[in-house]
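Visitor: Dropping the structure in here first, questions after.
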Number of protein chains: 2
Amino acid sequence: MAEAAAKQRSPATPRPVRCIVKLGGAAITNKGELESIDERSLRSACAQLRQAMSGSGDAAPGKVMGMDWSRRPGDPADPAVDTDGFRGMAGLGIDTNFIVVHGAGSFGHFQASRSGVHKGGLHTPLVKAGFVATRISVTSLNQEVVRALAREGIPSIGLSPFACGWSTQQRKLVSANASQIIQSLHAGFVPVLHGDGVLDELLACTILSGDVIIRHLAQLLSPKYVVFLTDVQGVYDRPPTDSNAVLLREIEVDDNGGWSVVKPVLQGNKRGVETSVAAHDTTGGMETKILEAAAIARLGVDVYITKVGTDHSLRALKGDVDTSTDDWLGTVIRSAK
Amino acid sequence: MAEAAAKQRSPATPRPVRCIVKLGGAAITNKGELESIDERSLRSACAQLRQAMSGSGDAAPGKVMGMDWSRRPGDPADPAVDTDGFRGMAGLGIDTNFIVVHGAGSFGHFQASRSGVHKGGLHTPLVKAGFVATRISVTSLNQEVVRALAREGIPSIGLSPFACGWSTQQRKLVSANASQIIQSLHAGFVPVLHGDGVLDELLACTILSGDVIIRHLAQLLSPKYVVFLTDVQGVYDRPPTDSNAVLLREIEVDDNGGWSVVKPVLQGNKRGVETSVAAHDTTGGMETKILEAAAIARLGVDVYITKVGTDHSLRALKGDVDTSTDDWLGTVIRSAK
């Protein structure tokens, strides 16, 4: 993978990416309800992203110049566009060097599971229809995330992995040209990718998860840090619904792929020894998330996993996480080196 | 351009494309109203496309198995998905070897014109914001066209030229990799592209029109025929609102780019001599359309321009146009050879 990543690097040196942000499906959608966005969480994540980009610390944010000039359902009139306001600006005044990747949550899963898209087999009408239906659903969510970011004055650009030509071989990424992403960053846009249905060389099609996309982009673009925004505080040693669940605050990853909990010191767990305590969360996807996060951390990129819409998520997005104190709630995964 | 097209041809021989269809912005949207779809025309175009794909002539169409399993505004319940029905199908029973390209109509134009995106200059906040706003608007329409096709049981896949990595140099296409389009066709999907905001090597950004996209794809993929669905019967010798306007039924294009009206025989016009009568339509875009259509016809590909939602458009989509009789209303543009 690392080799493939190197091969696909653009000849033009990309400006260094500051942060890749995962907006977890569970964080920005209401999982129990089909295709329902958690508007409050999504809005909060976008507003915090803007704050992190503006770098103004705790200063009062300036006037937000929205970039979504489209009608919204129920809008009585055409959108107001402050062209004079934009003309008066010397620049956007924000560091847009971020990439956003979002999950599917209550978008796409219904369509994918009804048809078995992840198992492949496009020759059957059910899988073909399910592939079409799944892409319609996940791209609908992408459109809403792009619009929510644009409303916060973030120059967001939707980029579907399928349209970018990304494909897999037995679910492993084999073609993932990032030139459009790099060019978008160069031009000052914030690329917004998403978990997507893609073509698979062996299975004909499958689902490419947002977490795998992030790992690939981290390998390719070496961001300063990666943030996963979820619907729980971070990674726990057992399901967070269990009253004895302990938040794992710091996890170290070694070169061999082993990982150990550094903080808090768990009973029977020693630094450098892989913990035998399984990590869980309510989304059922935390195991995969840890594996992907560990793969990113092994590259020397710090990974912050925390709850959307909190002070902790704002600090994570700013890259301002200090694990020596106890006032930041979340999980840091980093390389042991 | 022809050379560039040849260079970009995929090594795998694509199966021959039957037809590239342009759904004109004026045909599928209400031009006077911001971001308003002409639902009736769009639905009719999709239903006729399905008929053309099913090749069943005038036979009663079979049950349509919809592929849009997403909620629609106001839907009370989750969408019904007939998985058993799909499982019982041996295949889709339609020839999906079509490409759809649509214009913007009342989507995108407002945002682009307020900001001057087509003139470039992404360094200014107004143009950057306008680019974001334009893409949000045109991709919204793309999403609706993809869904309308999917509801007719057509396995449609949205492909934004920007996301495909298409870019221009001083508004001329210089990078237009069609591998995703070809792979989508191979997999049995109907690619749905659209006029889009793209990066420009000289101007930083511009607008790439659907007509230019079609010309490029026609060069690359040699379809049997190309259909332009518009809101008027075809190309006239003067604005069609003029009661003396004459529908130009057949135009021949020679190798030098000249074109002449073959039918009807116009006063003072001779075959082989370029007509001095300017061609018009209400959309103001017919001049460009004729030039693009003429470029396609010079490749030896017949171009049919006709009104959406009529018997004539159905015949055009089926490739069943006979200019020796008078019962087909529209304009055929073909090579003089």
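For all residues, glycine too, the Cβ spot is worked out from N, Cα and C.
So TrEMBL says this about it:
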- B:A104, B:H109, B:G210: substrate binding site (BINDING)
- B:G105, B:D231, B:G285, B:K289: ATP binding site (BINDING)
- B:96-306: domain 'Aspartate/glutamate/uridylate kinase' (DOMAIN)
Visitor: If one measures from the C-alpha of B:A104 (substrate binding site) to the C-alpha of B:D231 (ATP binding site), what distance in angstrom results, rounded to a whole number?
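Guide: Between the alpha carbons of B:A104 (substrate binding site) and B:D231 (ATP binding site) there are 14 Å.
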Visitor: Please report the Cα separation of B:G105 (ATP binding site) and B:G210 (substrate binding site) in Å, rounded to an integer.
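Guide: About 11 Å separates the two Cα atoms.
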Visitor: In Å, rounded, how far does the Cα of B:H109 (substrate binding site) sit from the Cα of B:D231 (ATP binding site)?
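Guide: So the alpha carbons of B:H109 (substrate binding site) and B:D231 (ATP binding site) sit roughly 17 Å from each other.
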Visitor: For the binding-site residues listed here (B:H109, B:K289), tell me which residue's CB has the most neighbouring CB atoms inside 10 Å.
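Guide: Its Cβ has the most other Cβ atoms within 10 Å: B:K289.
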Visitor: What's the most sparsely packed of the binding-site residues B:A104, B:D231, counting other C-beta atoms within 10 A?
Guide: B:D231
Visitor: Which residues, same chain and not among B:A104, B:H109, B:G210, have a CB within 8 angstroms of the centroid of the CB atoms at the recorded substrate site?
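Guide: For the substrate site the neighbour list reads B:G25, B:G103, B:G105, B:F107, B:G108, B:V138, B:H194, B:G195, B:I207, B:S209.
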Visitor: Distance between B:K289 (ATP binding site) and B:G210 (substrate binding site) at the Cα atoms, whole Å?
Guide: 10
Visitor: What does the structure give for the C-alpha distance between B:G210 (substrate binding site) and B:D231 (ATP binding site)? Integer Å is fine.
Guide: 16
Visitor: Let's check the environment of B:G105 (ATP binding site): how many other CB atoms sit within 10 Å of its CB?
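Guide: Total other Cβ atoms inside 10 Å, all chains included: 26.
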Visitor: Across the domain 'Aspartate/glutamate/uridylate kinase' (B:96-306), what does the pLDDT come to on average, as a whole number?
Guide: 89
